[in-house]
């Protein structure tokens with residue numbers, strides 16, 4: 001006897017936009033008019049690689065009529081959020097549940113963990129001592145750095161077996177020095193994404209006062225400062241052959257070539273906007289939905305920030321560290337959806353300990369992982385009305401592609417014509433950026449003469 005298509009695919013709907021703290025009982029109440037197969041066992045939540053709720057779930061129903069009833073709940077609200085309901089099937093459900101969450105094949109059986117919250121200047125020896133008694137494979141430790149060669153506060157460690165990695169996870173929230181360390185399951189694929197630097201962002205880096213533009217070959221004309229040179233020489237802290245095991249990144253970053261990053265999207269939370277610190281943040285969002293915080297107490301921890309946004313559940317928190325190794329009082333917080341980022345803005349001007357905290361939205365509806373194109377970047381940096389220090393304000397910036405013109409906001413005689421691309425919306429208050437460009441422009445023009 002042949003099963004019908006519906007019988008083979010089941011009666012499944014996918015739900016998106018659930019509150020982070022949502023339980024199976026709450027989903028049952030949301031679908032109270034529908035008959036869910038096996039009760040709460042028919043509700044399958046989707047989790048991130050770190051084991052956090054993704055805000056999505058599959059719901060198995062008893063018949064096609066129940067599916068139709070469930071679809072009528074689309075765009076109804078649960079708490080303060082509206083919930084989307086889509087028709088799905090058991091094939092999609094099985095595949096997604098198998099390939100997501102902390103126990104997916106992408107994260108299992110390779111022995112990787114990711115550490116977050118390391119003290120500034122933490123060495124590999126300190127990490128080895130932290131995991132004393134647990135065998136780490138040779139060259140199995142990676143300490144990523146940002147574009148200025150500074151530690152990001154994260155590390156990847158590969159243990160000799162998955163069983164040892166599981167033991168390492170039990171040290172979650174233990175301390176190195178005065179900092180408690182968060183430990184998450186990771187994978188070789190995640191390590192690769194940290195090894196492949198955001199090349200488009202390199203092209204956007206502010207030139208130093210002694211950097212000189214190249215011969216006007218698109219991205220190749222961007223000055224390469226000392227921080228970039230440190231990273232180009234393998235300043236990721238060793239391990240895995242200095243990129244070579246992951247595709248030979250030591251051969252160069254593809255300046256002026258087609259290798260110039262067409263595969264990754266990033267949400268910029270820094271740039272030269274001095275409201276975001278000096279010259280940009282090392283934070284790179286994978287969702288494109290971020291909120292920037294300013295005015296944090298200097299003793300604030302990542303856990304304090306998670307609690308600040310409760311009941312929302314941020315995916316990631318990045319506390320900025322200044323060149324002197326001290327916290328700047330600013331942080332970037334990544335959310336899974338634009339709706340969550342907008343909801344988080346309700347906390348603007350709320351107090352954390354003895355200080356009120358300012359929030360700046362860096363998210364647009366319908367984006368995921370930034371707003372990249374092969375040839376241009378559009379950044380939407382929205383600030384609250386009257387906020388000071390915003391070089392870009394709420395202007396839209398477009399450009400930075402391969403172009404023969406630039407529009408950094410000065411007179412035409414002061415603008416570069418060698419391939420910077422341009423497109424800062426006519427802003428001229430770029431925290432010294434114009435002056436540097438003018439100096440570089442005069443050097444560049446004298447070389448051509």
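Heads up, the Cβ atoms here are built off N, Cα and C, so glycines get one too.
Quick look at what Swiss-Prot lists:
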- 1: N-acetylmethionine (MOD_RES)
- 2: N-acetylmethionine (MOD_RES)
- 11-90: domain 'RRM 1' (DOMAIN)
- 23: phosphoserine (MOD_RES)
- 35: SUMO2 cross-link (CROSSLNK)
- 54: phosphoserine (MOD_RES)
- 63: phosphoserine (MOD_RES)
- 87: SUMO2 cross-link (CROSSLNK)
- 90: phosphoserine (MOD_RES)
- 98: SUMO2 cross-link (CROSSLNK)
- 233: dimethylated arginine (MOD_RES)
- 233: omega-N-methylarginine (MOD_RES)
- 234-433: region '2 X 16 AA Gly-rich approximate repeats' (REGION)
- 246: phosphotyrosine (MOD_RES)
- 289-364: domain 'RRM 3' (DOMAIN)
- 310: phosphoserine (MOD_RES)
- 354-372: repeat '2-1' (REPEAT)
- 418-433: repeat '1-2' (REPEAT)
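Mapped onto this structure are the features recorded in Swiss-Prot.
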{"residue": "23", "record": "phosphoserine", "CB count, 10 Å": "13"}
{"residue": "35", "record": "SUMO2 cross-link", "CB count, 10 Å": "15"}
{"residue": "54", "record": "phosphoserine", "CB count, 10 Å": "20"}
{"residue": "63", "record": "phosphoserine", "CB count, 10 Å": "13"}
{"residue": "87", "record": "SUMO2 cross-link", "CB count, 10 Å": "16"}
{"residue": "90", "record": "phosphoserine", "CB count, 10 Å": "15"}
{"residue": "98", "record": "SUMO2 cross-link", "CB count, 10 Å": "12"}
{"residue": "310", "record": "phosphoserine", "CB count, 10 Å": "11"}
Mean of the pLDDT scores, which run from 0 to 100, over the region '2 X 16 AA Gly-rich approximate repeats' (234-433): 58
Residue distribution over DSSP helix, strand and coil in the domain 'RRM 3' (289-364): 17 helix, 28 strand, 31 coil
For residue 98 (SUMO2 cross-link), the one of 23, 35, 54, 63, 87 that lies nearest, given that the recorded positions are compared by Cα: 54
Per DSSP, three-state class assigned to residue 87 (SUMO2 cross-link): strand
Secondary-structure category, per DSSP, in which residue 63 (phosphoserine) falls: coil
Candidate recorded positions 35, 54, 63, 90, pick with smallest Cα gap to residue 23 (phosphoserine): 54
Listed recorded positions among 54, 63, 87, 90, 310 whose Cα sits within 10 Å of residue 35 (SUMO2 cross-link): 63
Residue 90 (phosphoserine) to residue 63 (phosphoserine) - Cα separation in whole Å: 13
Spatial separation of residue 87 (SUMO2 cross-link) from residue 63 (phosphoserine) - C-alpha basis, Å: 13
Pairwise CA distance, residue 87 (SUMO2 cross-link) versus residue 54 (phosphoserine), rounded so that it is a whole Å: 18
